[in-house]
4 protein chains.
Amino acid sequence: MPTFLDDLPPTPARPPDSHKGTFGRVLIVAGSRGMSGAACLSGLGALRGGAGLVDVATPASLQPLIASFEPSWLTFPLPEDAHGRLDGSAFSLIADRWESVSAVAMGPGWSVTDNTRSLARLMIEQCPRPMVIDADGLTALVDQADAWRKSPAARVVTPHPGEFGRMRGVDAKVIQADRVEHATEFAREHGVIVVLKGHGTVVTDGERIVINSTGNPGMATGGTGDVLTGLTGALLAQKMAPFDAARLAVYLHGLAGDLAAKELSQPGLIASDLPSFLGPAWLKLQELRGRAGG
Amino acid sequence: MPTFLDDLPPTPARPPDSHKGTFGRVLIVAGSRGMSGAACLSGLGALRGGAGLVDVATPASLQPLIASFEPSWLTFPLPEDAHGRLDGSAFSLIADRWESVSAVAMGPGWSVTDNTRSLARLMIEQCPRPMVIDADGLTALVDQADAWRKSPAARVVTPHPGEFGRMRGVDAKVIQADRVEHATEFAREHGVIVVLKGHGTVVTDGERIVINSTGNPGMATGGTGDVLTGLTGALLAQKMAPFDAARLAVYLHGLAGDLAAKELSQPGLIASDLPSFLGPAWLKLQELRGRAGG
Amino acid sequence: MPTFLDDLPPTPARPPDSHKGTFGRVLIVAGSRGMSGAACLSGLGALRGGAGLVDVATPASLQPLIASFEPSWLTFPLPEDAHGRLDGSAFSLIADRWESVSAVAMGPGWSVTDNTRSLARLMIEQCPRPMVIDADGLTALVDQADAWRKSPAARVVTPHPGEFGRMRGVDAKVIQADRVEHATEFAREHGVIVVLKGHGTVVTDGERIVINSTGNPGMATGGTGDVLTGLTGALLAQKMAPFDAARLAVYLHGLAGDLAAKELSQPGLIASDLPSFLGPAWLKLQELRGRAGG
Amino acid sequence: MPTFLDDLPPTPARPPDSHKGTFGRVLIVAGSRGMSGAACLSGLGALRGGAGLVDVATPASLQPLIASFEPSWLTFPLPEDAHGRLDGSAFSLIADRWESVSAVAMGPGWSVTDNTRSLARLMIEQCPRPMVIDADGLTALVDQADAWRKSPAARVVTPHPGEFGRMRGVDAKVIQADRVEHATEFAREHGVIVVLKGHGTVVTDGERIVINSTGNPGMATGGTGDVLTGLTGALLAQKMAPFDAARLAVYLHGLAGDLAAKELSQPGLIASDLPSFLGPAWLKLQELRGRAGG
């Protein structure tokens, strides 16, 4: 682990005269009826990741629920279909909003519909901010992989092996048999940063490759990925280089899970515990670096 | 207690390359207007029991409330009657949903109506997944005991003595006078696992009999049973044998209550404390086993 | 304090074969739009006071909000006026419900209207269960003091000096100048237990008089009284003699406040902290009694 | 820091016979759709600041959400426009309400519209209670600076440099280049107390000047200012002199942030942590004073 610590990028500086603008603003586009928790977990990941401001944009009927969950974020209602999923007309509102943010996170809890498929494509192709894409946001793009190359800014994708299999048009088992190869190839081919989740998460930009050393099987529970999405968004918003943001996010997320498992056990750990352990994870990272003389 | 520990089944393995699918998915069908808390408590029991994914299905008007309570689960709205109780038309939606889960938990906070009576019967007779049935789900089946034998998969019933009395057509006092006999007989007659709650909870499949050694009178408060229902569902979803799932759930649930009572006293302990102590209970069990050289 | 401990009644027994029925059921009738917190705080006081089951009955529009706050209680919607205050037609529903409970707590957050005035009177005169009355429930009865004598079961009133002044038709300062005398006289005259709150809370049945030794000025903040109301209801539900229930509730409530102030300071303590410290207060009482050789 | 402690005013006394009236009542007017969290954070700041009673008045559609967040406060619905922002007709209701409170806090999460502009002006010019104004409440007054001199009671303004720049008609950088001068001049010119936030928060009444010594860059995250607004309101309600209330609030707020950062790190700290650390901050202040022999 000391070796790995040496590899980790420095954490964003916190100069004494910082203000909330210093740490950027993240726009999270997430959630649908029945999956509103994904928006909450992403939002908490972004807040605990140190973003200066977090906007959680969701289908309009979920807004009160999400607003009541945490007062530290702003909420933003988007047009929805009859099932509480994003409507295509949400795009122009999202595009207005991203003008005032420094990074975007999208996909958690979206559901996959024609609307979200075209929304995902438009966002990838037009958003001028660095963006992390996860979950249904990735599935929505399965047949539109040409979109990635049109991105005007950095894109970080965070699939689990099942999602990555769909993105690569192969079975998850094929992915798992050669995780590094698949991740690297996709990254190179589409010009994105790939975070391939699972045991030994792979982070790659097609050239550099990192295998994460933190995390445990207790994190194999619904919603932990949503926290990572928000956390990655927060580090992008703090102007970290996208590859650095991705590997630091993955490291901290796993470390939070390891600290959580110590207090709550692996089976007893749930996704909503992770944000509470992100603060201690930041402290632990400082301590580990201090010890390593870093 | 060391002796009893020797009897306990091993806890589900957590191999390094686990993903959320490894630990199964639980469908919880619970709640009605005024008793929405039962759905929340079951859901928390399932989450802290280590399920990979938890779906909480409730009468539609309760969905926002339940979604706002915990972001780590998914929610699923079901048709309801004018009083916010499950409508009979919920069945087909539930049956669609159980295709993608590994275990079902039902009954907490249902209310007993003609609709829930027929729903309970259909679920018992048709659900191809192991299922735990509690509370109003049991009362709904009082006059339909022939349903149990038609079950295509394992059934675990978790009555308290009052409910079991109704199921046996006798007074709770009659049950209490010979708890083991009544539990064993019902299990044998109907081919189910019986968890007869109360002091010294009896777990039996009709042949094997376990009397639980954990728990305390502080747990005699509304809602603690709902947590057990969800926890049992989570262990079933993790592919434990039904009898093993039932006795491990009962043991952990009581241990969580014992840990909670140490910090909060017996009268001060309430049902919503139990999920928070399930994590520490898993750790305590590991520690006890370590000490016993297990 | 050892002397005072000697005076305190024993706490309700928790025999090993207890079930939730052993510890009674409390019906809390509380809240109105803008004062829904009073219902939540009373409910939490009742839960942490050891009741087996807690029903929170409120104006119907508040029900979802209160149900989402804590899953360990049941909620019960009552007819309301256009401002979200109890309607007179709530009475028959309340009267139906009290048949299945062992104690009633009413008044917190009611608002005073013609409807609540007549509701309060009907409840006092007709409820066959021991009842604790607080806040607007007391003010609603100011001109109807003859109702107290018609009570078919024990009544505990828990005014602060302002409310007690209105009940006695004098200024709060007059009350404060001779707290014991006023409390005792009212208790004797109307056949109720009086808990006159404030520094050195007086508990009296007209003959016996206790001045409470716990509590601190940090508890002089909105909502702490609501917690006491629920706690008193819980002890009544556990079949304590009304005078004993009142003085034990007052003692535990103050002790919880003292423990809270040690961790949170006096100005930093708020009403919703008290329920969390009731568990530790029960443990502290046990410990103090152990030390005193009790 | 000992030197600074000597400068701090004494904290409000807590005599044994206090009641909630002793510590005053704060009316918070805050929030709009999408920014309801600002109202919650202000309310929590006021509660943990020791106010006897806290009223949170918000656009009507936000009331249930805010009521569900914390039971220790009262909520009060105000007329709103179609976007969930305060309507001009809210004024008379607010003016009715302030009769029964001891201090007012306004502005957090308002949004700036013609309605809120005129509302802000009316409140400044007519409210007979000490008032703290923050955020959009300040921006709403940018072109109406003549209002300040018409105030019938003390006014504390708490801008960050961006807001203060708008109030002074200059860029935030100009403000930052000479923070003390700008703050002092505005205070003198308009007869208000200025709290200019940022590294080394300046508190001034135009003559006295304090540079705060607590706080850290982890507090540069959305919503921390809202907590300060409520806390300042609570100290005003406790009848502290306005300049003293402002500097004590700023000190405690920063101290809470410092305690929070120790447990949660600077990037991991979020606004909703601060209220939880206000209790420990009060205790820490007592301890520091004790050490300094104060």
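Cβ atoms here come from the backbone N, Cα and C positions, even for glycine.
Marked as (6S)-NADPHX binding site by TrEMBL: A:Ala38, A:Gly109, A:His160, A:Asp226. The AMP binding site annotation in TrEMBL covers A:Lys197, A:Gly198, A:His199, A:Gly200, A:Thr201, A:Gly225. Per TrEMBL, the feature domain 'YjeF C-terminal' maps to A:3-285. If you look up TrEMBL, you'll see A:1-20 marked as region 'Disordered'.
When the binding-site residues A:Gly198, A:His199, A:Gly200, A:Thr201, A:Gly225 are ranked by how far their Cα is from the Cα of A:Gly109 ((6S)-NADPHX binding site), A:Gly225 comes first.
Within 10 Å of its Cβ, the residue among the binding-site residues A:Gly109, A:Gly198 with the fewest other Cβ atoms is A:Gly198. Sitting within 8 Å of the Cβ centre of A:Ala38, A:Gly109, A:His160, A:Asp226, and not among those site residues for (6S)-NADPHX, are the Cβ atoms of A:Ala30, A:Met35, A:Leu41, A:Ser42, A:Gly107, A:Pro108, A:Asp134, A:Ala135, A:Asp136, A:Gly222, A:Gly223, A:Gly225, A:Thr229. Mean pLDDT for the domain 'YjeF C-terminal' (A:3-285) in the predicted structure: 97. It is A:Gly200, among the binding-site residues A:Gly200, A:Gly225, whose Cβ has the fewest other Cβ atoms within 10 Å in the structure shown. Long-range Cβ proximity for A:Thr201 (AMP binding site), meaning a same-chain Cβ under 8 A and a gap of 6 or more residues, is found for A:Val195, A:Ile211, A:Asn212, A:Gly215, A:Val250, A:Gly254.
On the backbone, the CA of A:Gly225 (AMP binding site) and the CA of A:Ala38 ((6S)-NADPHX binding site) stand 9 Å apart. Looking only at the binding-site residues A:Lys197, A:Gly198, A:His199, the one with its C-alpha closest to A:Asp226 ((6S)-NADPHX binding site) is A:Lys197.
The separation of A:His160 ((6S)-NADPHX binding site) from A:His199 (AMP binding site), Cα to Cα, is 10 Å. Across the structure, A:Lys197 (AMP binding site) and A:His160 ((6S)-NADPHX binding site) are spaced 5 Å apart at their Cα atoms. Sorted by the number of other CB atoms within 10 A, the binding-site residues A:His160, A:Lys197, A:His199 start with A:His199, the lowest. Binding residues for AMP (A:Lys197, A:Gly198, A:His199, A:Gly200, A:Thr201, A:Gly225) extend across at most 14 Å, taking the greatest CA-CA distance. Cβ neighbours of A:Ala38 ((6S)-NADPHX binding site) (same chain, under 8 Å, six or more residues apart in sequence): A:Ala30, A:Gly31, A:Pro108, A:Gly109, A:Ala135, A:Gly223, A:Asp226. Over all protein chains present, the Cβ of A:Asp226 ((6S)-NADPHX binding site) has 34 other Cβ atoms lying within 10 Å. Note: the CA-CA distance between A:Gly200 (AMP binding site) and A:His160 ((6S)-NADPHX binding site) rounds to 12 Å.
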